[in-house]
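Visitor: OK, TrEMBL features for this one:
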type: DOMAIN; residues: 18-144; note: domain 'EamA'
type: DOMAIN; residues: 156-287; note: domain 'EamA'
type: REGION; residues: 296-327; note: region 'Disordered'
type: TRANSMEM; residues: 12-33; note: transmembrane segment
type: TRANSMEM; residues: 45-63; note: transmembrane segment
type: TRANSMEM; residues: 75-95; note: transmembrane segment
type: TRANSMEM; residues: 101-121; note: transmembrane segment
type: TRANSMEM; residues: 128-149; note: transmembrane segment
type: TRANSMEM; residues: 155-175; note: transmembrane segment
type: TRANSMEM; residues: 187-206; note: transmembrane segment
type: TRANSMEM; residues: 218-236; note: transmembrane segment
type: TRANSMEM; residues: 248-267; note: transmembrane segment
């Protein structure tokens, strides 16, 4: 019965949901260019804290709803994985890597998320999702190779970017496993506050007092906070609930495409035929992986026929008062479809 319900729920995912889930990935792809252009150099923890905590506190003040019971520590865990530690590592990588290369690291997320989802919630990846993630990863490999030829790779930046992917993948799967008992906006506020609060003492200890900010830096932090955190995570967590972590993580491959485009337009990074082929592979893998989410499943598309029966004369009734004068509704498959239904 649980499998049937999940199949019906999956059919709610249409291209509109997929498009909305792609919005956060596109916004996150701009993080690298925005960081290198307008934020104070060498302050990844400060940038991560201000990206999460202010908008989270504003959302919490507006909603006026605090966690209860287990959701205090669960919000802390999810906020640290999805936002706190993820942001810190993401900004560290953004300061040390080219925009396009930094954004492409998230393309390893589908493979990592599939493995984590299999281990934590028993969600085995389908063939289409697995194939799409491999094709997308190959496209990312082309981008990494091409960008790596322009300037030496920063190994610390690469390691930070990959670790950010691993932690966020664990957080995304746990978000699906621990479905919050509140709406997605409230759950997002809890995680933003928790993740930002975790970073405050670390940022003060490692980087010292916050630096002075000019107007472009304030605007960049406002953009990363409102669009890149508040709005983006509301849409992303909504996508996780409907699509599941694996499908949503493959949509995240939109991130490197945006990162490469902005790197070329804003930072003057190189772009050639290899980039174009790689981006085509990435976009194609994203679209292919979402096709099962919008195609009606066999279980959900086969509606049972309704057959009305009445007790025959002389038959024995159940003894219930309504059994004598109320037709019995038997929800049974029609004869033409009875043999087609899979065994459960």
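Glycine is treated like the rest: Cβ placed from N, Cα and C.
All TrEMBL annotations are machine predictions without curation.
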Visitor: Near the transmembrane segment (248-267), which same-chain residues lie under 8 Å Cβ to Cβ, leaving out any that are not at least 6 residues past its ends?
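Guide: Counting only partners 6 or more residues beyond its ends, the transmembrane segment (248-267) has Cβ contacts under 8 Å with 18, 21-22, 25-26, 28-30, 32-33, 36-37, 98-100, 102-107, 109-110, 112-114, 129, 132-133, 136, 140, 143, 169, 172, 236, 239-240, 275, 279, 282-283, 285-286, 289-290.
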Visitor: So if I exclude everything within five residues of the ends of the transmembrane segment (187-206), which remaining residues of that chain have a CB under 8 angstroms from its CBs? That is, six or more out.
Guide: 45-46, 48-49, 51-57, 59-60, 63, 67, 71, 75-76, 78-80, 82-88, 180, 229-230, 233-234, 237
Visitor: Compare 12-33, 45-63, 155-175, 218-236 by their Cβ pairs under 8 Å to the transmembrane segment (75-95) and return the stretch that comes out on top.
Guide: 155-175
Visitor: What residues in the same chain, six or more past the boundaries of the transmembrane segment (12-33), come closer than 8 Å to it by Cβ-Cβ distance?
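Guide: Distant Cβ neighbours of the transmembrane segment (12-33) are 90-91, 94, 97-100, 102-103, 106, 224, 227-228, 231-233, 235-236, 238-239, 242-243, 247-248, 251-259, 262-263, 266-267, 286, 290, 293-294.
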Visitor: Between 0 and 100, where does the mean pLDDT of the domain 'EamA' (18-144) sit?
Guide: 86
Visitor: What does DSSP give as the helix, strand and coil breakdown of the domain 'EamA' (156-287)?
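Guide: Final tally across the stretch: 111 helix, 0 strand, 21 coil.
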